[in-house]
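K.L.:
Encoded as structure tokens, here's the structure I'll be asking about.
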């Protein structure tokens, strides 16, 4: 009996150590300056493309940040988000959680520039991550030392999106649980929602707070402004009908988002709920009062997000075209 107990215990420990070693081996494949030898100009090429695209289309920087969130929250940071629908494969872009996402074509612009430097070397997953890093800088956010070495998925996960990406009217408890499932704590989750400091919200995601009656948690004067932006309760999803998240610094990643929440000017229901939940309300006040604290927490959370469950060599690949898996 004693021998059997020791045998079972030894077997369990061996299996546990094996699993841990596999986990850490994947994590360790992500490194700073991962492409220093294989493609020395990779990160600079991505950065220059981000700057060039930003000068022509300022909203691309916002898209890069949203891409990171939508890609990394679903299974892994593996560029599965970028895959197009083809025979036998659906696309995550078709989910209603991806409503309003755009500028995917410019990811391939970046990829083409990198391919000219170093063919079949830099993954699309790293382009998603590093373009977000550089986009955050374009938006006045913090410099984030981001590791690379991610591999691209060989499949899309459309059926997983609904359970991974929080919706605009989800409860705060659900949102926090989803972030915690990938290792992001409450301050990190509140900071990541601060990305709503930039960009815009389509009227489709606003009108339920305006019609038939105005949500009592919404500032009445701001509600009247929003009604002018969204004049009907059933806006056309394909029409350009939206409001900026922040009217004062709409393209700067700063703590105005939290200041607006305290004034009851949050656009999304999930955002405004941050002020009334006991776990998040003190953090909203702290981030509203201290932009440095917000940016520190934001940088920490983005780094955690960007390293969620990276694929190893056997699990993934380096796509030639970010829109399609490689042909065998």
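Cβ atoms here come from the backbone N, Cα and C positions, even for glycine.
Relevant sequence annotations retrieved from TrEMBL are reproduced here:
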- 70: active site, proton acceptor (ACT_SITE)
- 71, 74, 78, 80, 92: Ca(2+) 1 binding site (BINDING)
- 196: heme b binding site (BINDING)
- 39-118: disulfide bond (DISULFID)
- 72-77: disulfide bond (DISULFID)
- 124-322: disulfide bond (DISULFID)
- 203-230: disulfide bond (DISULFID)
- 29-326: domain 'Plant heme peroxidase family profile' (DOMAIN)
- 1-28: signal peptide (SIGNAL)
- 66: site 'Transition state stabilizer' (SITE)
K.L.:
Select one residue from 74, 118: among these recorded positions, choose the one with the most other Cβ atoms within 10 Å of its Cβ.
P.N.:
74
K.L.:
Using only C-alpha positions, which one of 72, 77, 80 is spatially nearest residue 196 (heme b binding site)? These are the recorded positions in the record.
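P.N.:
Ranked by Cα distance from residue 196 (heme b binding site), first place goes to 72.
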K.L.:
Count, for each of the disulfide-bonded residues 39, 72, the other C-beta atoms lying within 10 angstroms of its own C-beta, and report the residue with the smallest count.
P.N.:
39
K.L.:
Cα-Cα, whole number of Å: residue 72 (disulfide bond) versus residue 78 (Ca(2+) 1 binding site)?
P.N.:
7
K.L.:
If I take the alpha carbons of residue 77 (disulfide bond) and residue 71 (Ca(2+) 1 binding site), what is the distance between them in whole Å?
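P.N.:
Answer for this pair: 6 Å between alpha carbons.
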K.L.:
Which of the recorded positions listed here (70, 71, 78, 92) have a Cα atom within 10 Å of the Cα of residue 124 (disulfide bond)?
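P.N.:
Hits: 78.
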K.L.:
What number of additional C-beta atoms lies within 10 angstroms of the C-beta atom of residue 92 (Ca(2+) 1 binding site)?
P.N.:
25
K.L.:
Hey, for the Ca(2+) 1 site built from 71, 74, 78, 80, 92, who else sits with CB inside 8 A of the CB center?
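P.N.:
Same chain, not in 71, 74, 78, 80, 92, Cβ within 8 Å: 70, 72, 75, 76, 77, 79, 81, 82, 83, 153, 156, 157.
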K.L.:
Relative to the Cα of residue 70 (active site, proton acceptor), which of the disulfide-bonded residues 203, 230, 322 have a Cα no more than 10 Å away?
P.N.:
none
K.L.:
When the Cα of residue 118 (disulfide bond) is compared with the Cα of each of the binding-site residues 71, 74, 78, 80, 92, which one is closest?
P.N.:
78
K.L.:
Take the Cβ of residue 196 (heme b binding site) and count every other Cβ within 10 Å, whichever protein chain it belongs to.
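P.N.:
Counting Cβ neighbours of residue 196 (heme b binding site) within 10 Å gives 21.
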K.L.:
Please give me the CB contact count at 10 A for residue 71 (Ca(2+) 1 binding site), counting all chains in the structure.
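P.N.:
Step by step: centre on the Cβ of residue 71 (Ca(2+) 1 binding site), count other Cβ atoms within 10 Å, giving 27.
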K.L.:
Would you kindly give the Cα-Cα distance separating residue 230 (disulfide bond) and residue 92 (Ca(2+) 1 binding site), rounded to the nearest Å?
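P.N.:
Pair distance, Cα basis, whole Å: 28 Å.
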K.L.:
Out of the disulfide-bonded residues 39, 203, 230, 322, give me the one sitting nearest to residue 74 (Ca(2+) 1 binding site) by CA distance.
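P.N.:
Among 39, 203, 230, 322, 322.
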K.L.:
Nearest to residue 203 (disulfide bond) by Cα, among 39, 66, 80, 322 (recorded positions)?
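P.N.:
Checking each of 39, 66, 80, 322 against residue 203 (disulfide bond), the shortest Cα distance is to 66.
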